[in-house]
């Protein structure tokens with residue numbers, strides 16, 4: 001009897017050692033990280049990482065294990081794990097993992113890994129040569145007895161693979177791990193999934209993934225990756241600011257007396273807030289008061305220079321299922337509708353908002369944004385008030401020259417840029433920028449040379465360190481040399497002389513037969529008729545310009 005007790009005493013410690021040595025999901029998926037002992041709420045569809053791991057079918061290798069070098073033919077497989085975090089508690093956070101194969105390798109439509117055609121000169125000679133032909137393995141039943149033995153189509157915890165259509169073409173096993181739980185799935189060269197954050201505590205967490213590929217007798221580890229994600233009870237928001245004449249949108253410096261547009265973007269990739277009532281409360285910090293908007297875009301004009309701090313509070317009233325009416329030991333606290341202190345427990349506002357919803361069928365969530373901006377005097381407007389062509393002598397340059405007289409309102413510019421493009425203002429033909437010094441009045445004369453006569457679209461931009469403004473015009477440029485102008489004048493005078501002679505002859509023939517010798521009154525009448533005819537003649541050959549503004553956009557001004 002004593003001998004039996006001795007055998008039993010030896011067996012019990014041995015069994016305890018075996019149990020202690022059994023590998024668990026936490027040992028494999030934590031990758032050496034020691035997670036704090038915390039009781040996490042169960043995530044729907046996930047399992048505890050204290051479950052046993054089948055190390056025989058899914059071997060575990062340390063980071064420095066030499067077997068990693070031979071886990072994949074032709075090189076090393078890397079993986080990229082990304083997330084759309086941060087996530088508002090209660091919404092879904094999505095993760096996407098993508099495998100990146102060695103050069104010249106890709107996945108085909110059947111889930112096999114093949115060499116790309118004509119990838120490099122030293123690539124394998126045979127076209128579409130397989131790196132891993134898993135379809136052939138399955139068809140030949142080379143991996144166990146595929147008609148009766150399904151022991152290999154299981155996850156590390158022993159659960160069978162889901163047999164949905166096309167499952168045999170998914171030759172990678174993805175194992176995700178976070179907050180003491182794991183999720184397992186099969187897939188191809190990429191996989192994505194979403195997790196509801198209702199039962200995940202607020203704060204930063206790590207999502208880790210381990211990927212195995214199908215092998216002949218076991219699954220082979222090929223890559224690991226991890227990323228950080230955030231669960232918060234504050235609505236994630238981003239505010240973009242823009243202004244018409246602002247030169248640099250990223251420096252938070254804007255112009256006085258010019259509207260600033262504020263556009264609010266709520267980060268809600270899972271559309272958790274789609275059915276919520278959202279409002280935006282603005283305080284621009286300039287003493288103008290509070291503004292409540294129902295839309296995500298608003299504008300505000302600062303009439304004073306200086307530094308200002310703007311504050312935005314976004315409120316979302318989220319409908320939730322009504323909870324059963326149960327007596328509560330305490331009344332709701334007003335802290336739900338006030339700003340949470342930075343020293344408070346981050347999980348407290350979440351619990352209060354969920355346990356004490358207004359009316360029992362919705363909860364409040366808030367998002368906050370604060371930014372400092374600087375308002376300065378800027379260039380508000382630029383006008384082209386005059387364009388003059390410059391006549392050149394034959395010894396000077398033949399390129400036509402035009403002087404532009406421009407004025408501006410606001411601050412004085414420090415640089416001027418002149419851009420020339422085709423008549424449609426679409427194809428640029430060049431731009432010239434020069435520094436300028438304006439001390440008294442914003443009136444500048446800008447001389448611009450053109451390659452040849454023609455019609456051009458001209459843009460003149462005046463700018464300083466913080467702002468810029470633009471004026472445009474469509475102009476028609478004539479030849480610039482004086483010889484060309486002189487030739488044009490002579491031709492015009494010659495034509496004028498010819499037409500004058502013809503006109504004199506016509507007048508002589510017409511009025512000769514009506515000219516009485518002795519009637520002075522009739523003479524005066526004929527003189528009036530002659531004057532009217534000469535006026536008509538002058539109007540025909542010398543029409544007055546009806547264009548008062550040479551910068552009209554409808555037609556080019558001739559300079």
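Each Cβ is built from the backbone N, Cα and C atoms, and glycine gets one as well.
Per Swiss-Prot, signal peptide is recorded for 1-22. Residues or ranges marked as topological domain 'Extracellular' in Swiss-Prot (evidence: sequence analysis): 23-487. As annotated by Swiss-Prot, N-linked glycosylation site applies to 92, 133, 145, 149, 192, 199, 248, 274, 307, 311, 459. The feature domain 'PKD' is assigned by Swiss-Prot to 239-326, with sequence analysis given as support. Sequence annotations record features per position, and here Swiss-Prot assigns region 'Disordered' to 329-356. The feature compositional bias 'Polar residues' is assigned by Swiss-Prot to 335-347. Residues or ranges marked as transmembrane segment by Swiss-Prot on the basis of sequence analysis: 488-508. Residues annotated as topological domain 'Cytoplasmic' in Swiss-Prot: 509-559.
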- Task: Quick one: give me the count of other CB atoms within 10 A of the CB of residue 133 (N-linked glycosylation site).
- Result: 16
- Per DSSP, to which secondary structure element type does residue 92 (N-linked glycosylation site) belong, with helix, strand and coil as the options? strand
- Within the topological domain 'Extracellular' (23-487) only, compute the mean pLDDT. 84
- Task: Run through the Cβ atoms and count how many others sit within 10 Å of the one on residue 199 (N-linked glycosylation site).
- Result: 16
- Tell me, how many other CB atoms lie within 10 A of the CB of residue 459 (N-linked glycosylation site), whichever protein chain they belong to? 17
- Message: Taking every protein chain in this structure into account, which of the glycosylation sites 92, 192, 274, 311 has the most other Cβ atoms within 10 Å of its Cβ?
- Response: 92
- Residue among glycosylation sites 133, 192, 459 with Cα closest to the Cα of residue 248 (N-linked glycosylation site): 459
- Nearest recorded site to residue 307 (N-linked glycosylation site) by CA-CA distance, among glycosylation sites 92, 133, 192, 199, 459: 459
- Item | the domain 'PKD' (239-326): DSSP-derived helix, strand, coil residue counts | 0 helix, 45 strand, 43 coil
- Cβ-Cβ neighbours of residue 307 (N-linked glycosylation site) (radius 10 Å): 10
- Please name which of the glycosylation sites listed here, 92, 192, 199, 274, 311, is nearest in space to residue 133 (N-linked glycosylation site), Cα against Cα. 192
- Message: In the three-state scheme derived from DSSP, which category covers residue 199 (N-linked glycosylation site)?
- Response: coil
- Query: Taking Cα atoms as reference points, which of the glycosylation sites 92, 192, 459 is nearest to residue 311 (N-linked glycosylation site)?
  - Reply: 92
- Task: Could you tell me which three-state DSSP class residue 192 (N-linked glycosylation site) falls into?
- Result: strand
- Query: Tell me, by DSSP, whether residue 133 (N-linked glycosylation site) is helix, strand or coil?
  - Reply: coil
